[in-house]
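What follows is a single structure, written as structure tokens, with notes after it.
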Amino acid sequence: MTAARPRFHYAWLILIGCCFMQAGGLGAVLDAAGVFFVPVCEDLGFSRSELSMYLTFYFIATVFAMPVVGKWITKYNVNRVLSVSFALVVAAVAAMGLYSEPWQWWISGIVFGLAGSFIFVVPTPILIGNWFQSHKGLALGVAMSFSGIGGAVLGPVFTLLIQGLGWREAYFVAAVVMALLVLPWTLFVFKLRPEDVGMKPYGWTGQDERDGRAGRQRAGGHPGLPGVPLAKALKTVPFVCMFLFSGLIAYFAGFNSHLPGYAQSIGFSALVGSSLLTAVMVGNVVEKLLVGWLNDRVGVQFTVNIQLAMVALGFAGFMFAGDNLVLLYASAFLFGAQNSLVSVSTPLLVRQLFGERDFPAIFTYARIGTGVIGCLGPVTVAAIFDATGSFVPAFALGIGITALGFATVRLAYARRGKLAWAEAGDALDTQASN
């Protein structure tokens with residue numbers, strides 16, 4: 001007999017809260033931030049590259065935050081950790097309304113990297129993984145898609161605020177909007193595990209408990225859960241592959257800020273250039289939903305191959321679009337798949353390869369690669385254009401990076417049979433994850 005499922009499961013509140021956290025966090029702070037660049041630079045007289053350097057400092061700061069993010073989220077009160085972290089992010093956004101020098105934005109970028117690491121990407125996979133026994137991939141895809149939705153909605157809202165109030169006042173209002181979207185959920189709704197409120201995950205059945213699987217989906221670094229212990233995982237080839245994969249796919253984000261310039265370099269208007277970013281964001285939302293569904297049905301490895309192929313096709317389209325506007329928009333839409341690689345498929349890959357035992361810690365250590373390699377994206381793409389006068393070599397490099405990403409995933413799965421797993425309890429045995 002299966003356990004009776006409540007009419008409304010608390011897991012749905014967790015999912016809704018994660019949607020708001022993605023929209024008001026990653027979507028507002030990073031995806032919609034570009035609308036401030038032009039008015040700020042025109043008013044204060046410094047270049048966009050000087051201002052956008054705060055994104056590089058963001059990536060670098062994540063390197064220092066990631067080793068403790070998963071540990072703190074699962075060790076300490078999740079409501080306090082997430083709420084304090086996002087309060088710091090909100091304060092850093094509001095402070096931008098007072099700045100007058102580029103280095104001050106860089107400080108906010110460091111705060112985004114240190115405090116935002118506890119909000120933007122890591123907690124949602126942990127919460128969804130703990131609260132959903134079934135449809136985990138779809139739920140994660142839905143939650144992560146709201147970063148794109150948040151960016152698409154809040155970007156125009158912030159633009160109107162800038163036009164009506166000025167960019168300084170718009171930063172203050174934006175900070176309030178972000179706080180209202182996220183803090184009620186982090187303060188009052190989120191619970192790390194279903195057991196914390198006397199529940200089981202959504203989709204749990206009595207058979208799960210009889211088979212000894214009831215605890216597998218409730219990540220928290222618990223030695224009783226099956227998986228590879230952290231100390232052993234960090235010394236394995238699959239972990240190195242996930243570290244490199246996280247960095248390689250984060251490198252793709254460096255192309256986003258250059259798409260408007262690329263469009264203008266081949267003869268299109270600035271309006272077309274900005275609309276390419278919208279096409280990328282639309283692709284981001286649609287493909288996250290599709291990827292979540294595919295992960296549940298055909299498996300994460302096959303889904304990642306599809307995503308990498310979409311990104312490669314996007315790069316190829318950029319290389320050969322010429323004056324074909326339809327191909328240009330289609331390429332931007334396909335390129336949007338790079339966002340779902342970062343936020344949806346990477347945590348699912350790590351969870352499948354290493355299990356639940358130390359998933360939060362292993363995932364956050366793997367994401368250090370995001371800061372180490374991802375921070376190079378904006379700089380190298382710009383350097384290639386400065387040296388050659390064209391973005392085509394950079395797009396060719398992007399195709400090469402997708403091939404490297406494919407190779408790292410293949411190698412990780414080829415070597416997963418050598419991972420030393422601990423099943424329920426502390427005894428270690430060597431087996432592949434299923």
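Cβ atoms are placed via backbone N, Cα and C, with glycine included.
A TrEMBL annotation is a machine prediction, not a hand-curated record.
Note that the coordinates shown come from a computational prediction; the quantities given were computed from them, not determined experimentally.
Taken from TrEMBL, the feature domain 'Major facilitator superfamily (MFS) profile' applies to 11-417.
The transmembrane segment annotation in TrEMBL covers 12-39 (among others).
Outside the transmembrane segment (51-69) by six or more residues, the chain places 30, 37, 40-41, 102, 105-106, 108-118, 122, 250, 257, 360, 364-365, 367-368, 370-372, 374-375, 378-379 with a CB less than 8 A from a CB of the stretch. Sequence annotations record features per position, and here TrEMBL assigns transmembrane segment to 51-69 (among others).
The transmembrane segment feature in TrEMBL is assigned to 81-99 (among others).
Marked as transmembrane segment by TrEMBL: 105-128 (among others).
Residues or ranges marked as transmembrane segment by TrEMBL: 140-164 (among others).
What TrEMBL lists as transmembrane segment is 170-190 (among others). Beyond the transmembrane segment (170-190), the same-chain residues lying 6 or more positions past its ends with a Cβ under 8 Å from any Cβ of the stretch are 13-14, 16-17, 20-21, 23-25, 28-29, 36, 78-79, 82-83, 86-87, 89-91, 93-94, 96-97, 119, 127, 150, 154, 157-158, 161-162.
Look at TrEMBL and you will find 236-254 (among others) tagged as transmembrane segment. Sequence-distant contacts of the transmembrane segment (236-254), counting only residues of its own chain at least 6 positions beyond either end whose CB sits under 8 Å from a CB of the stretch, comprise 59, 228, 311, 335, 338-339, 341-342, 346, 349-350, 353-354, 362, 365-374, 376-381, 398, 401, 404-405, 408-409, 411-413, 415-416, 418-419.
Residues or ranges marked as transmembrane segment in TrEMBL: 266-286 (among others).
The transmembrane segment annotation in TrEMBL covers 298-320 (among others). Tertiary neighbourhood of the transmembrane segment (298-320): same-chain residues 137, 252, 262, 287, 291, 327-328, 330-338, 340-341, 345, 348-349, 352, 391-392, 395-396, 398-399, 402-403, 405-406, 409, 413, selected by CB-CB distance under 8 Å and a gap of 6+ residues from either end.
As annotated by TrEMBL, transmembrane segment applies to 326-350 (among others).
Residues or ranges marked as transmembrane segment in TrEMBL: 362-385 (among others).
The transmembrane segment annotation in TrEMBL covers 391-413 (among others). Cβ atoms under 8 Å from those of the transmembrane segment (391-413) belong to residues 237-238, 241-242, 244-245, 248-249, 251-252, 255, 258, 261-262, 265, 301, 304-305, 308-309, 311-312, 315-316, 318-319, 341, 349, 353, 380-381, 384-385 of the same chain, restricted to positions at least 6 beyond its ends.
Taken together, the residues of the domain 'Major facilitator superfamily (MFS) profile' (11-417) have an average pLDDT of 86.
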